[in-house]
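Swiss-Prot annotations:
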- Lys15, Ser173, Asp174, Thr215, Gly216, Gly217, Met218, Gln219, Thr220, Lys221: ATP binding site (BINDING)
- Ser55, Asp141, Asn153: substrate binding site (BINDING)
- 280-361: domain 'PUA' (DOMAIN)
Amino acid sequence: MATVALPDWTRAVVKVGSALVAPDDRGCSTTHLLPIARFVIQSRRQGKEVILVSSGAVAAGLAEQGRGGPGTGLSIPERQALAALGQPLLMAHWRRLFDVPCAQVLLTYDDLQRRARFVNAKNTIAELLDRDTLPIVNENDTVATEELRVGDNDNLAAYVAVLAEADLLVICSDVDGLYTADPHDDPDAERLPAVDAITDEIYDMVGPSHRKVATGGMQTKVEAAEKATDRGIDTVLVNGTKGGHLDALGRGEMPGTLFRQAEQPLPARKHWMLHALPSAGRLTVDAGAADALRHEGASLLPSGIVAVEGRFARGDAVEIAVEKEGNRTRVAKGITQYGAADLERIQGRQSHAIAEVLDEAPADYVVHRDDLVVEA
């Protein structure tokens, strides 16, 4: 197997999963955290900056109440209460491992999808780093609802890496890396030392999660890697239960899987549109419109739209797809200039007919190319 070196970096986000923070559902434990802390301390001594994204608040809350066991199947109020109980315990646990100030940063999905709040979070983390403080980030489960949750800290870590302008994302889990198949089921499965691009083939390799407390599985790790690499951030998946892997990482070696940054990273605004802004609906377009979006850098015109789905307003994000032989493929995502009701009236029509149908024409396009992110 080819040797892969860890790319040079100056600022990293290190994500630590529940399986490492609270192994065997016993609440917070240092069993797997000492090597991670050693990596963070060593990196800081080398003049590098590190941000931690730590799961484990709900698991800590369960253990504090003497319940332990799986954290699955909890209602939203139960999860919120247990997170409120466990988050201080989680922070205290981390503080014992470091001799530098640690700052708690709790984020919600709303903080990530609203651009102004995204920038506020970015500025807060930048200020903490300037003050030589170790930011420790978690999702604010105490106020998050099912509809407004990131849902897993793999993807949260990717969002944090983007807003913090990190150049490395390290996902510490209980797996050795990405395999060609589930190694528990397939003895011929091989670990991939590096992934150059995250394609449908890569997603096909991903198996389901079997974690008890954790909400993420291998799929969420690949999703997180895609978010990060799309913005030019190298991403590493390592086994945090094997202390030697973290020590190797500290030496610049690559014991897990490296997801290499995209050759052409997305600009900040388009990355936010694609990965953070929720889609409120979907527009299906004809093959000609799809080709124009993909290959000509065109705006989406009403003439190319064949179907409108969802209830959305002007300024909302919508997915744009093309259907061929019964299969629907996403082409792009963008911010629409027209709501769903108006689009149902003007779909398939030429731009000059918009005013005739609606009595007004705010724009002669539905999605401007500057507000459009085309899928690779």
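First residue shown is number 1, and so on along the chain.
Placed from the backbone N, Cα and C atoms, the Cβ positions cover glycine too.
On a predicted model such as this, the values are computed, not experimentally measured, just so you know.
Here the features listed in Swiss-Prot are placed on the structure.
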residue: Lys15; record: ATP binding site; DSSP class: strand
residue: Ser55; record: substrate binding site; DSSP class: coil
residue: Asp141; record: substrate binding site; DSSP class: coil
residue: Asn153; record: substrate binding site; DSSP class: helix
residue: Asp174; record: ATP binding site; DSSP class: coil
residue: Met218; record: ATP binding site; DSSP class: helix
Can you name the residues of this chain that are 6 or more positions from Lys15 (ATP binding site) yet have a C-beta less than 8 Å from its C-beta?
Leu52, Val53, Ser54, Ser55, Asn153, Asp154, Leu156, Ala157, Leu169, Val170, Ile171, Cys172, Ala224
Compared by Cα position, which of the binding-site residues Asp174, Met218, Thr220 is the closest one to Asp141 (substrate binding site)?
Thr220
Please give me the CB contact count at 10 A for Asp141 (substrate binding site), counting all chains in the structure.
23
For the binding-site residues listed here (Ser55, Asn153, Asp174, Met218), which one has the lowest count of neighbouring CB atoms within 10 Å of its own CB?
Asp174
Mean pLDDT for the domain 'PUA' (280-361), rounded to an integer?
95
Would you mind checking how many other C-beta atoms are within 10 angstroms of the C-beta on Thr220 (ATP binding site)?
24
Residue counts for the domain 'PUA' (280-361) under DSSP, helix then strand then coil, are 27 helix, 30 strand, 25 coil
